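**Student:** Residues annotated as transmembrane segment in TrEMBL: 77-100, 121-151, 171-193, 237-261, 267-287, 299-321, 327-348, 360-381, 446-479, 500-526, 532-552. Annotated domain 'CBS' per TrEMBL: 696-757, in sequence order.
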Amino acid sequence: MSVNGNSNALLNAEDPESITAPLISGQRSAPNSTSQVALVGANVCPIESLDYEILENEFFKQDWRSRGKMQVFQYIFMKWFLCFLVGLIVGLIGFCNNLAVENIAGIKFVITSNMMLKSRFLLAFIVFFFSNLALTLFASMITSFVAPVAAGSGIPEVKAYLNGVDAPGIFSIRTLFVKIVGSVSAVSSSLLIGKAGPMVHTGACVASLLSQGGSKKYGLTWKWFRYFKNDRDRRDLVTCGSAAGIAASFRSPVGGVLFAFEEMASWWRSALLWRAFFTTAVIAIVLRALIDVCLSGKCGLFGTGGLIMFDVYSASVSYHIADVPPVLLLGFVGGILGSLYNSLLTKVLRIYNLINERGVIYKILIACTISIFTSCLLFGLPWLASCRPCPADAAEACPTIGRSGNFKKFQCPPGHYNDLASLIFNTNDDAIRNLFSKNTDSEFHFASIIIFFVTCFFLSIFSYGVVAPAGLFVPVIVTGASYGRFVGMLVGSHSNLNHGLYAVLGAASLLGGTMRMTVSLCVIILELTNNLLLLPLIMVVLLVSKTTADAFNGNIYDLIMKAKGLPYLEAHVEPYMRQLTVADVVTGPLQLFYGIEKVGNIVHVLRTTGHNGFPVIDELPLSESPVLFGIVLRAHLIELLKKKAFVSTPVPTSTDSFKRFSSEDFAKRGSGNGDKIEDIKLNEEEMEMFIDLHPFTNASPYTVVETMSLAKALRLFREVGLRHLLVIPKISTRSPVVGILTRHDFMPEHILSLNPMLVNSRWKRLRFRLAPPAKHF
């Protein structure tokens, strides 16, 4: 048997259909993950796998042996120094993002409020409407034309990258720029989206750019970082960057580390834990120093700079066994709402994709339509609420004019406030503060909370799919907080918990129901609210909501990954994989090279296939019988052709041939920046020469026997982080290698297409009940 080569490479020219098949589309008959394309941003792009395996060939062994103690020290020192830089840069970006959002949105709300104080309601609406539309239009335009991959939260793409999937442009400087500027503009436009997801992507971008030594395209490179030009070191630093993103978004350093561990990383070890913790510790110090500056009144409209910290600490919090049943019910319903939220969101994204396929203009029109609808809702709904008299014992000025607070005046007379406007005609962060606030049980009307919950639930679903950087954390928190506040009102005096604490528990339940995390969410919420006394109740709510929601569908980021067609390898194996062997899934034809190969043959294979790895075998006179020597990478072959490391006769070369190469020649370049075979120009005489592949071939690749179960092979492939897994025959045959397993071969859609007898098996039915296949998205 043979293999359908290394299908994580760029697509072969002979397979145009798999390039053009949209991932989230109405063509449901086409399985997504079996092709080598995925929806990156709003475009269908070819994707590759990453090489997390450490190559062991003679050239790299010689290169490491030649390094002195100073170079080894430099390598270790730079690992920690890069983590420090990631923490410092991401901390500054997070602070500036929050500062910009709070001041841009604050100016908008202040101007609008001042006009309403003068009863100029129509003019106030026009200013509010067009400022939101302009901010949304700007965010959608720079995303569409500069970096479409920056649309959405970016967490699914980063998670797939850490699993071994490389998509073009996800960590470029253009993406980083649009992610920062577009997120500020979109969040400031009053769209119900968050900035935590984009911050995770931003942290990953910063880490990736630093680890690859900057950007050669823009002339921003640093020679000191040359040791990190491999996928394994980049993966570790990107993991630290994702932790930094959450830490900077919520001032939650420990929660950021746990988020990266629980949700993002597919590989984890103690050394990486230390570096991730160090990175988030740097962020905590940077944010603390900058907050002190803001407290002195130097940060514009909002003195704390908009950095989220919802202090609901109360030394008098006490709860009894009678409080547990309502909390359990809150978690159960929150799990149902979370699964419903995920289901509706995936359907909306599918509809948006059908519209987006028509062109850029339609993407921008969707964003503008959502902005117009949002502005009308946010300005119009508070008119449905009645004015309430200011409480006599209010802890702050009532009504609050020209700043954030619990008591928005809106259209009310002096001495009164509009409780719905305090929630809906406000920034998302301030709405959460108001919902989480303590000693405010009588400040919000029952109907206002219901209106706010329904509005947030559906508006956040329709807002997420716009072509702009958009996160889900904050919208889910604000929606869940309103749901929890509603439950607190229903329970009323029958509970010892105030409504603000119920809002915290409601946010936890909806987060658990949509994102299906437990430990990291628990710590993030505790760090957000500064209330350790709620720990047992938050743990119970998260466990109940996650368990309930898991019965219906997967977490939101996994659903989006499947919808995009990103070939993510799950930690668990499907039951039917135990019934198959690796020989059942490899397909042909297999491309081989000999240890000393003719240049013309190498060029022909590279030009006619898109494979990224090729088995190298030895035969007579180098070996008495055919034997597998190892595997050589496409990028290394192109480098050998580029340097013209040729010999006129087919004989082994000496180690002197290493002198014409440096470790930088074979270093992994950034995504999409590698040399192409089309750029190599050779004459007829050179095509007749030979290359000794032995010194540049990984002589100890991972191999499995053809009778190994597919389930066991998948565990090996995922846990080691492989790109190629060679399959060798159980009994000696003419060929020493049967085929190559790649990520594509482990995708359920590929397996089921080769083994149609599984379609009606009970294992297949069980799998499709628990997790819908990617081809339905």
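One is the number of the first residue shown, and numbering goes on along the chain from there.
The backbone N, Cα and C atoms fix where each Cβ goes, glycine too.
TrEMBL does not curate its annotations; it predicts them automatically.
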**Student:** Report the listed stretch (77-100, 267-287, 532-552) having the maximum count of Cβ pairs within less than 8 Å of the transmembrane segment (237-261).
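**Tutor:** Most Cβ pairs under 8 Å with the transmembrane segment (237-261) come from 267-287.
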**Student:** Looking at the domain 'CBS' (696-757) alone, can you tell me the average pLDDT?
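**Tutor:** Summarising the domain 'CBS' (696-757) by its mean pLDDT gives 86.
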**Student:** Sort out the residues at least 6 away from either end of the transmembrane segment (267-287), same chain, that have Cβ-Cβ distances under 8 Å to it, and list them.
**Tutor:** 52, 79-80, 83-84, 86-88, 90-92, 94-95, 162, 235-236, 239-241, 243-244, 247-248, 251, 253-254, 256-257, 260-261, 307, 719, 721
**Student:** Do any residues, 6 or more residues outside the transmembrane segment (500-526), come within under 8 Å Cβ-to-Cβ of it, and if so which ones?
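**Tutor:** Sequence-distant neighbours of the transmembrane segment (500-526): 246, 250, 252, 254-256, 258-259, 261-263, 310, 312, 314, 317, 327, 330-331, 333-339, 341-342, 432, 435-440, 472-473, 476-488, 491, 532, 534-535, 537-539, 541-546, 548-550, 554-557.
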**Student:** May I ask whether the transmembrane segment (446-479) has at least three C-beta pairs under 8 Å with the transmembrane segment (121-151), counting pairs 6 or more apart in sequence?
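**Tutor:** Between the transmembrane segment (121-151) and the transmembrane segment (446-479), contact is present.
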**Student:** Where among 327-348, 446-479, 532-552 do we find the most Cβ pairs under 8 Å to the transmembrane segment (360-381)?
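**Tutor:** Ranked by Cβ pairs under 8 Å, first place goes to 446-479.
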**Student:** List, by number or range, the same-chain residues at least 6 past the transmembrane segment (327-348) whose CB is under 8 A from its CB atoms?
**Tutor:** 457, 461-462, 464-465, 476, 479-480, 483-484, 487, 502, 505-506, 508-514, 537, 540-549, 551-556, 559-560, 563, 777
**Student:** So what's near the transmembrane segment (446-479) in sequence-distant terms, Cβ-Cβ under 8 Å and 6+ beyond its ends?
**Tutor:** 42, 136, 139-140, 143-144, 148, 150-154, 178-179, 182-183, 185-186, 191-199, 201, 249-250, 337, 341, 344-345, 348-349, 352, 356, 363-364, 366-367, 370, 373-374, 377, 381, 384-385, 419-420, 423-424, 428-429, 431-432, 435, 485-486, 489, 507, 510-511, 514-515, 556
